[in-house]
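Take a look at the structure set out below.
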């Protein structure tokens, strides 16, 4: 493979210049829904005689650009759809190789910035104060500030953020104090420092009426006060997960590991913003059963945040390794059979995704080609679960979990603070297992890495915990009408929450069931009363796919009350595919679109073919 090119950004490539540091001074204005401020970028030339450079921007208003106290010329290029507009800056004097320059750019964000969601007080739990959060992954940092918006560039950052004094600002950095705003007594300035170099997709900001509880020696959980106790209980295992992760990955270099529980419109399960993981409130099940998402985000502190994919084509390097670590953490906590149970559940998710895309779809390849493709549109479970399956398969080929964890720790050590490609990973795998090259050569690398569809080999899974889920799902799938009275509530008595969820996942793979079956399932198991978001999601999909009209309002409610795309997109798709709810689904989307997260609104619109 030739040297990879990042096709998602418009900025000068890393062979021309590299951003080393950002100092951000900005003010958050809820009335105009804008961040206004100055981004001071320390940029190092990578070549001699550098006279100009290009940064990524998206829907930004640029007021001026200053170098050494002097305004300099700049030009904003044409908007290129999802990529935004290139911004070319002329340097007053040519730079030689390794010379640095500080470029101060005065900017303002758009109220429609794809990186930011501005919530009205009514959209928060407290109903009193507005709320702002950012989501920069994959290529939305450019919609917050001008930058080299590529994961191949890593920088440190410091920030000073002015907000209304009744609110709290947090960033993906260590908190560095707060002071009254000297320019406005009704405002406060919060300061931050991120000393570890990070790709700019990990720059994050939240502003809201936030409170915190200490849940570990290096962990506070933050949320609005209405959720803070519940969150502290739900995520109490965080420190034990961190300790296991350090044992598997090496020292935790980030200092603090805080958690932030966001309002329901947050589009992902979690986002691994350093020092401050963002998570969806749909994890608040009340029984810690969805804490694997925390294990996942913790694992990113090594795979993703220390060792980073060089371009989004290689996103599986971030996610496959992180799922692999996540499942080892859960295995240490709950047993090896539990690790296999989740691994097999993940294979099922991969099957579903490939079925949805179609088995020849290019997005089902592990290494994708994102030339002229918005990474948000390509996003799916493939990099997570196909990536995990490859690593799990290699674990089984190369001598088991301990052997492969040895490789993983060495891999993190070798590539920490770097951005790498699949070839870098593969070359290191071969050098680490140099005595097992014969085994590695048996792997069909082309099929695994570059071919669409299911992987060429299915790993071996311990079935102990899955068998009961399969058995019960088969009873329902094969039941005739006269068999329905053989089901009762005790069917679930010996199943864990995870197994009930897997039972529904198994039924859903064979859906639709006859409507009478689904009605009987509600009679005996009362799934409508279950609040666990994963179970509720699969149950409502099953109801809609079986054309149960009574479930329509429940499914619409779940699709709009929260905005985690994993739930919202399939629910809207199922509702649109059912003739009795098709029009209502589209009307509901159109009514809620303005209050949805910008990425969610865009993707649901595409799914429903209305935008």
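Note that Cβ sites are derived from N, Cα and C of the backbone, with glycine treated the same way.
Counting only same-chain residues at least 6 apart in sequence, those with a Cβ under 8 Å from the Cβ of residue 297 (active site, proton acceptor) are 270, 271, 272, 277, 279. What Swiss-Prot records for 297 is active site, proton acceptor.
What Swiss-Prot lists as active site, proton donor is 384. If you draw a 10 Å sphere around the CB of residue 384 (active site, proton donor), it holds 23 other CB atoms from the protein chains shown.
The feature peptide binding site is assigned by Swiss-Prot to 135, 136, 137, 267, 268, 269, 270, 271, 272, 564, 565, 566. According to DSSP, residue 565 (peptide binding site) sits within a helical segment.
Mapped onto three states, the DSSP output places residue 296 (Zn(2+) binding site) in helix. Within 10 Å of the C-beta atom of residue 296 (Zn(2+) binding site) sit 25 other C-beta atoms, taking all shown protein chains into account. The Zn(2+) binding site annotation in Swiss-Prot covers 296, 300, 319 and rests on sequence analysis.
DSSP assigns residue 73 (N6-acetyllysine) to coil in the three-state reduction, placing it in neither a helix nor a strand. The Cβ neighbour count for residue 73 (N6-acetyllysine), using a 10 Å radius over every protein chain in view, is 11. Under the heading N6-acetyllysine, Swiss-Prot lists 73 (among others).
According to Swiss-Prot, the N6-acetyllysine annotation covers 337 (among others), on the basis of similarity to another entry. A simple way to gauge crowding: the CB of residue 337 (N6-acetyllysine) has 14 other CB atoms within 10 angstroms, across all the protein chains here.
Per Swiss-Prot, the feature phosphoserine maps to 416; the stated evidence is similarity to another entry. Around residue 416 (phosphoserine), taking its Cβ as the centre, 17 other Cβ atoms fall within 10 Å, counting all chains.
Summarising the annotation, Swiss-Prot assigns N6-acetyllysine to 573 (among others) and lists similarity to another entry as the type of evidence. Over all protein chains present, the Cβ of residue 573 (N6-acetyllysine) has 17 other Cβ atoms lying within 10 Å.
Under the heading site 'Covalently modified during suicide inhibition by leukotrienes', Swiss-Prot lists 379. Of all the Cβ atoms in the protein chains shown, 18 others lie within 10 Å of the Cβ of residue 379 (site 'Covalently modified during suicide inhibition by leukotrienes').
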Let me know how many other Cβ atoms fall within 10 Å of the Cβ of residue 319 (Zn(2+) binding site).
23
For the Zn(2+) site (296, 300, 319), what does the 8 A shell look like? I mean other same-chain residues with CB within 8 A of the CB centroid.
270, 272, 297, 299, 303, 304, 318, 321, 322, 323, 325, 326, 384
Considering all pairs of residues in 135, 136, 137, 267, 268, 269, 270, 271, 272, 564, 565, 566, annotated in the record as contacting peptide, what is the maximal C-alpha distance expressed in whole angstrom?
18
According to DSSP, collapsed to three classes, what secondary structure does residue 270 (peptide binding site) have?
strand
When you measure from the Cβ of residue 137 (peptide binding site), which residues in the chain that are at least 6 apart have a Cβ under 8 Å away?
201, 202, 271
Near residue 384 (active site, proton donor), meaning Cα within 10 Å, which of 73, 135, 268, 319, 337, 416 (recorded positions)?
319
Can you tell me the three-state DSSP label for residue 573 (N6-acetyllysine)?
helix
